[in-house]
Structure formats: structure tokens, C-alpha cells
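Per Swiss-Prot, the features are:
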type	residues	note
TRANSMEM	1-21	transmembrane segment
TRANSMEM	42-62	transmembrane segment
TRANSMEM	71-91	transmembrane segment
TRANSMEM	96-116	transmembrane segment
TRANSMEM	134-154	transmembrane segment
TRANSMEM	173-193	transmembrane segment
TRANSMEM	211-231	transmembrane segment
TRANSMEM	237-257	transmembrane segment
Amino acid sequence: MSIIDAVILGIVEGLTEFLPVSSTGHLILTAGLLNLEQTDTLKCFEVVIQLGSILAVVFTFFERLKRDKQLWIKLIIGFLPTAAIGYLLYSHIKSLFSQNVVVYMLIIWGVIFIVVELLRKKNPPENEILTLDGISYKQAFFIGLSQCFAMVPGTSRSGATIIAGLLSGLNRQTAAAFSFLLAVPTMFAATFYDTYKNREIFAANMDNIQLFLLGGFVAFLVALFAIKMFLKFVSRFDYIPFGIYRILIAFAFMFFVL
């Protein structure tokens, strides 16, 4: 992996981690276009750049996270289902990883996004929840439970949680914001658990630490931009463009990678 490869992959991770388009699918597609094989080194690199993206959420919402205890309770409630299922089914989840599965999930969840938005337009929700304060513990649990679907590669963690938020009565911007915040405990836990389970592989790749840190820093900067732009976008528009994009990128995946 070259410096240019590290920068490109960091940009892709930062742009796609919090958009409902599957960062995993985009990283696989990009790696294929760069002629990078799915090696242990690349897997370690992806863990590090994911950490960079998580830190961007912490930075963006730092003041809210620092002072809002109720929000933390909701995030913990949302995190628990994923933590339990992820711990129990870790090996099985990892065995699901395949490029074909990624393509199927890109298409399936793309269609789901389109259908959910069309149904919302036909039957607008009453008493939409407009703020994070309005989210109940029950809704937080339901949204957190939806993260379990995202364990299947190509689903998109943000995609699953945003759809669950919309179905729970949250408006688009609040659904996105809670999805981003829920990533903090979820992705920190996943990152550290992955690092622990693969500690020998990480130790063997310490020669690449500078590339890893470069990619993580790039992902952090790009994710800062992506989070702010995405929240502005969904305050004005719906999620149908993302559903269409997922389907298009699935076909690109089939053409360039499979």
C-alpha cells in the first residue's frame, strides 16, 4: 500500500462511514480499483481509518456529549443489543463477509430506503420528533436493535439506524444525528474488540503504522466535513437519492469487482 492509496482509502472511509451507503462496500470497490488485495494489512488499516471517522463524531458533538447525561443513557440502551449479539455471534458474522453479500445488501437496503420515503410522503407521520431530547428509551432501543442488521456486510450501520429512526417517528435530521451519536459506543467497541481479537496481526504490521495513522487522520478530516454536509442535506431533502445511489454502486461493484 502506498501513501496515495492510504489517502484515497481514508477519503472514501471519511465520506461514506456516516452516509447510508455502506462504507464497507465502497472500501472494497476502491481497493479493487487500486488493485489492492484483501490482506491482513488492509484489514488492519480499515480498523484504524474507522477509528478516525468515529473521532470525527466525538469532535462534532463533543459539547452535547459532555453535558447530556440523558443522551448517554439513550446511547447505552441503543448500544446494548448490538453489543450482546455482536459478542455472541462475532465469528459467524465475520464468516458472512463476501463480495456477493455486499452487492445484495446494497440493493436490498437501497430499495428499502426508497420504499420507506415513498410511504412517508404518502402518509406523513404525525407528531414527528424534531430533537434528540424527544427520543424515548423505547425508541433508542429499537434503533439500536436495528444496528444488528448492519452486521451483515453491505447493509450500512447508519442506513439501518436511520431507517429505524424514520419508522420510529423521528424527522430526517434527528434520525441522522442519533445514528451518528450511536456510532460512538458501537464503533469504539467494535474497533477495540477487532483490535484485541487480531492483536497478533496488528503487531506484525507495526511497520505500516505511519500509513495507518495517515489514513486515520485523513478519514477524520473528511468525516468532519461529511457529517456537517449530510445533516444540512437531510434538513432539506429526503433519502431517496441515497437509495438510488446504493443500487447504482451495486451495479458498479458487479462490473468492476466481481
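Indices start at 1 and increase along the chain as displayed.
A Cβ is built for glycine as well, from the same backbone N, Cα and C atoms used for every other residue.
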- prompt: Is it the case that the transmembrane segment (71-91) and the transmembrane segment (237-257) have 3 or more CB pairs under 8 Å, with pairs at least 6 apart in sequence?
  reply: no
Message: Three or more CB pairs closer than 8 Å, sequence separation of 6 or more: does that hold for the transmembrane segment (1-21) against the transmembrane segment (211-231)?
response: yes
Contact ranking winner - 42-62, 96-116, 211-231, 237-257 against the transmembrane segment (173-193), Cβ under 8 Å: 42-62
Field: the transmembrane segment (42-62) in contact with the transmembrane segment (237-257), cutoff 8 A, at least 3 CB pairs, sep 6+
entry: no
